[in-house]
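*Asks:* According to TrEMBL, the protein carries these features:
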ACT_SITE  121  active site, proton donor
BINDING   85, 109, 363  substrate binding site
BINDING   205, 236  NAD(+) binding site
SITE      161  site 'Important for catalysis'
Ligand SMILES: NC(=O)C1=CN([C@@H]2O[C@H](COP(=O)(O)OP(=O)(O)OC[C@H]3O[C@@H](n4cnc5c(N)ncnc54)[C@H](O)[C@@H]3O)[C@@H](O)[C@H]2O)C=CC1
Ligand SMILES: O=C(O)CCC(=O)C(=O)O
């Protein structure tokens, strides 16, 4: 999400609530992965839920003088490997089940990329699109006060996610430093550069998605340059994926946001769409002729990139998807049933826990730079992240082949193993 706050939108427009199934589906894959690796049921028992979840109630004085009470969560999945890490989402459809699932996905990502973290995730049930800047600041600071006991640079390190941005990270950093009475940039990542943010973090998730896409295309024997791409979601991740592809000369034929979608077989002018986009990733409001998000997903293309919310590719539309490669930039965009349909149809999935992990990887670089007080160039950051993405993608594709399993199960097998091993060494299981 960009930093300036633009147009206000109708709350929750065109947004399906995430299904409660995201947690149980994730638990099924975790169990399957541990079973394939030969770990005991006790290991699963400890990994199927976060070790710690805090629910908080945050009173916020609104601009008109009344006080509104918001509900927020922080879920910490597992801290056997190290402190936990993961973003904070501001969204009206946040649920406890969703935050728990998101924290497990964070662990799997960190495991795949060998980052010294477990997974965590935070969320506040709110709609920042209907709140003023001052109200958003009070909510962000209130959340940090409410969770301050369980977060910190060596405990749990937050970051941005849907509808949060560098400004919100900056307020949270400032609030945490005030509470602790010392400057603590390593408390949070995704900060503005001048406050210790890392070069490249703003585009890191998107760049990682594009590198993962190149690896996926190569596995299919295809050259990305020849492929047509649809990107669902035009926020931090989706718009930057579209821009990077456009700059590489790859045709982006479709994009969307919470209000609708645009599709042009001859390719879209991405830089001009970026100029029209508001701070919440809305651009389709500028056009009189749009299609729906569901219509977009089944339009002709070679690569489909869901980059919005969970449960977008479902049993209802999986049979109509025309892409041969699905690269999951969003967390959890494909339901369990759709996963099976896509696999049966021979469509290659680059799973979320691999494809979008460029973000947390560069967040890790930011945390390392904060602790060293020494900052890297954008080239160094991108080069290191790119190398880690290529190596991780190759490991997942090889694991899928070796065990004859889906790319998602292979990713979970690779990602969960460090947690099972660390827990064994610590004597927990
Ligand atoms: N920002 C990051 O570094 C990372 C984000 N992700 C995931 O990527 C996804 C997108 O996150 P961001 O781009 O950061 O969020 P954002 O807040 O910057 O943008 C969200 C975009 O999705 C659109 N959107 C919302 N509901 C929609 C719907 N029902 N259909 C279509 N579009 C819809 C919004 O209009 C906006 O364009 C999320 O699943 C997030 O968890 C994953 C890893 C890191
Ligand atoms: O940058 C981070 O630490 C976490 C990003 C995130 O929330 C995610 O990968 O889903």
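Note that Cβ sites are derived from N, Cα and C of the backbone, with glycine treated the same way.
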*Asks:* Determine which residues of this chain, when 85, 109, 363 are set aside, have a Cβ within 8 Å of the centroid of the substrate site's Cβ atoms, and list them as they appear in the sequence.
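*Replies:* Result: 86, 106, 110, 115, 117, 119, 157, 159, 189, 357, 359, 360, 361, 364.
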*Asks:* Taking the recorded positions 85, 161, 205, 236, 363, which residues show a Cβ-atom distance to ligand 2 below 6 Å?
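*Replies:* 85, 161, 363, by Cβ distance under 6 Å.
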*Asks:* Sequence gap of 6 or more, Cβ distance under 8 Å: name the residues on the same chain that satisfy this around the residue listed as 'active site, proton donor', in order along the sequence.
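*Replies:* Listed in sequence order: 74, 75, 86, 87, 88, 89, 99, 100, 102, 103, 105, 106, 161.
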*Asks:* Which of the binding-site residues 85, 109, 205 have a Cβ less than 6 Å from any atom of ligand 1?
*Replies:* 205
*Asks:* Return the residues near residue 363 (substrate binding site) by Cβ distance under 8 Å, restricted to its own chain and a separation of at least 6 in sequence.
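*Replies:* Looking at Cβ-Cβ distances below 8 Å from residue 363 (substrate binding site), excluding near sequence neighbours, one finds 85, 157, 159, 189, 190, 198, 201, 204.
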*Asks:* Could you state the CA-to-CA distance between residue 236 (NAD(+) binding site) and residue 109 (substrate binding site) to the nearest Å?
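*Replies:* Here the two Cα atoms lie 19 Å apart.
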*Asks:* Please report the Cα separation of residue 109 (substrate binding site) and residue 205 (NAD(+) binding site) in Å, rounded to an integer.
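*Replies:* Counting only the Cα atoms, the answer is 12 Å.
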*Asks:* By a simple count, how many Cβ atoms lie within 10 Å of the Cβ of residue 205 (NAD(+) binding site), its own Cβ left out?
*Replies:* 26
